[in-house]
Amino acid sequence: MAKLLATFVVVVFFLGLAATTLAGDPDMLQDICVADYKSLQGPLRLNGFPCKRPENVTADDFFFGGLTNPAGNAAVGSVVTPASVENLPGLNTMGVSMARIDYAPWGVNPPHTHPRAAEVIFVLEGSLDVGFITTGGGNNTLFARTVRRGEVFVFPRGLVHFQKNNGGSPAAVVSAFSSQLPGTQSVAETLFGAAPPVPSDTLARAFQIDAGTVELIKSKFPPKH
Ligand SMILES: *[C@@H]1O[C@H](CO)[C@@H](O)[C@H](O)[C@H]1NC(C)=O
Ligand SMILES: *[C@@H]1O[C@H](CO)[C@@H](O)[C@H](O)[C@H]1NC(C)=O
């Protein structure tokens, strides 16, 4: 009986260890696997992208020049420019990516989550009020503070978080992610801009507001397709 129990404990330990090890993008099985976007024209679909043939790989596959300049600003006053596996093919299987976020004065990067990545930001310019909120098991605790030029803040994987430029001049950060494609679910857009739409009575009950208010919010988030 004691032996059985010991075996059980060992098995549970290793299952836990395996779960920890696999709690990010899958590990790479070769030096490089540059994403072959052309493969998407064929029928093959898999987790990530197939690799380009080695003879077709060049240094440019590991380069992206798109974070050089500040991006223009959207309605909420921020723009995220990703450097992910979708525009930097050399990131395929590497388990990391980056982004640049530019904020207009008082601009907000609205509450959102990255289901596949933790995020570390480095403030290039300006000063931001940032925060993340733990799950219900963590009592929905808000951890928030101000971060300034040259400082770093981390948003745990999967948790809802946001940034707000707390000044009257532009701000910018560089973000590093623990996934080649972190995925972004913006809370408001996900719920109020989905297509087909999430039923208004469902949202009215969930937010404990009337359907008219739900329609008003929906009108701010026209579906993208
Ligand atoms: C690889 O490069 C060769 C020669 O440039 C080209 O003909 C071929 O289409 C390329 N293959 C792929 C899969 O890109
Ligand atoms: C959540 O709140 C309860 C009640 O105050 C407390 O006992 C528990 O430790 C809190 N849990 C966390 C993860 O903070």
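Cβ coordinates come from backbone N, Cα and C, glycine included.
From a predicted model like this one, the values you see are computed outputs, not experimental measurements.
Sequence-distant neighbours of Glu119 (oxalate binding site): residues of the same chain at least 6 apart with a C-beta under 8 Å from its C-beta are Val154, Phe155, His161, Ser175, Ala176, Phe177, Ser178, Pro182. Secondary structure from DSSP puts Glu119 (oxalate binding site) in a beta strand. The annotation oxalate binding site is assigned in TrEMBL to Asn109, His114, Glu119.
Reduced to three states, the DSSP call for His161 (Mn(2+) binding site) is strand. Taken from TrEMBL, the feature Mn(2+) binding site covers His112, His114, Glu119, His161.
Under the three-state DSSP scheme, Cys33 (disulfide bond) falls in the coil class. Annotation comment: TrEMBL describes Cys33-Cys51 as disulfide bond.
What TrEMBL records for 72-215 is domain 'Cupin type-1'. Mapped onto DSSP classes, the domain 'Cupin type-1' (72-215) shows 25 helix, 59 strand, 60 coil.
Residues or ranges marked as signal peptide in TrEMBL: 1-23.
In the predicted model, the domain 'Cupin type-1' (72-215) shows an average pLDDT of 96. If you compare Cα positions, Cys33 (disulfide bond) sits closest to His114 out of the binding-site residues Asn109, His112, His114. Shown are the binding-site residues His112, His114; the one with the most C-beta atoms within 10 angstroms of its own C-beta is His114. Within 8 Å of the centroid defined by the CB atoms of Asn109, His114, Glu119, the record's oxalate site, lie the Cβ atoms of Val80, Ala99, His112, Thr113, Ala117, Ile121, Phe155, His161, Ser175, Phe177, Pro182, Thr184, excluding the listed residues themselves. For the disulfide-bonded residues Cys33, Cys51, the ranking by surrounding Cβ atoms (within 10 Å, all protein chains) places Cys33 first.
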